[in-house]
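As annotated by TrEMBL, transmembrane segment applies to 6-23, 35-55, 61-81, 102-127, 133-149, 170-189, 220-240, 252-284, 304-321.
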C-alpha cells in the first residue's frame, strides 16, 4: 500500500474519532461519558505498564503507588486555599501548599514528574532484581507509598482523603493525553532506545555482552512508565473528584495488569483494545451483583460476584489467547490490506 494512502486513511480515522468525541460530549449521558473517559485513562495506564513489563521485561506490581502519587499531587495543586482550609480538619495542611493553586495542565505535568522522581528513587535499589523478586519488591514499595499517604495527614489529609477536586479531566483532556502518550511511546520504541529495551527483554545477558548498560535503560524505562502512571492517576483524580488511600490497593494494579495481558504484552494497540474491552466489561458486569431472577431461581444481591465472573472471563482469554488478543503485533493499514488480499486469494483458490 502506498505511503500516501496510509496517511490519508490515518487522517480519516483521526477525523472520525474527533467527530465521535464531539458527538459524545454533546449527546451522551454522564455515565456513558465517564466510561469513555475511563477507557482513555486506563489506556494511558496500560501503555505505561506495558512499556515496563511488555517492552522491557520487568515484572512490576507497583503501578497503583505511582497512580496514588499523581492523584494526590494533582488534587492538592488544583484545590483552592479555601477548600484546603475547610478540608484539612485533623491537621492543617503544610504551609507551602496551603496557598498553592496551579492550572490543570501544569498540575498534571507536575504530578507526572513527581511520580517519575519517586519511580527513579525506587528503581535505583530494586532494579538489580529480576523476575518475581522484582514484582514483590515493587508491590512492597506501592504499599509503602499507600501507608505514607495514609499517615501524612498534613500533606494528604490522611485516611479522610480529598473531596471536591475540580473535575477538569474532560473528554478532550483525557484523549489528548492519550494521544500524547501513544505518540511518545511509539517514537521511543522506534528509536535506538526502543531496540535496546527489546534486546534487554529478550536476553539481558546477551545485551550486557554487547556493551549495553542494562541497569541504565531499565531505570529509564521504569521512570518513564512511572511518569505516565502519575499522569493517569492525576487524570483519574480530576475525573472522579474524590480520592482516598484505600483506592490505591493491589486490585487497582491487578486491573491494569489484566488489561496489558489481555491486550498483549509488547503491543500498544493491544493495550488500547484491552482497555476498551476490560473497562466496558467491568461496568456491564455490575448488573449481576444486583438481585435478579434466572427462570424460577431468584439470585439475591451478591457483592463481589462481578469480579468472580470477570476473573473467569479473563481466564478464558488467557487460556485461548496466551499471548493476548494482539500478541506483539501492532495495528497497521498495510497489515489490514495484506489480510484482505490473502482472504480474497483464498476465496478465489477455493472456487478453482
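Backbone N, Cα and C atoms are what each Cβ position is placed from, and that goes for glycine too.
Bear in mind that TrEMBL entries carry predicted annotations, made automatically and left uncurated.
The stretches the transmembrane segment (220-240) and the transmembrane segment (102-127) are in mutual contact, each linked to the other by at least three Cβ pairs under 8 Å (pairs 6 or more apart in sequence). Listed stretches 6-23, 35-55, 61-81, 304-321 were compared with the transmembrane segment (252-284); the greatest number of C-beta pairs under 8 angstroms is found for 35-55.
Taking pairs at least six residues apart, the transmembrane segment (170-189) and the transmembrane segment (61-81) share fewer than three Cβ pairs below 8 Å and do not count as touching. The stretch in closest packing with the transmembrane segment (102-127), judged by the count of Cβ pairs under 8 Å and taken from 35-55, 61-81, 133-149, is 61-81.
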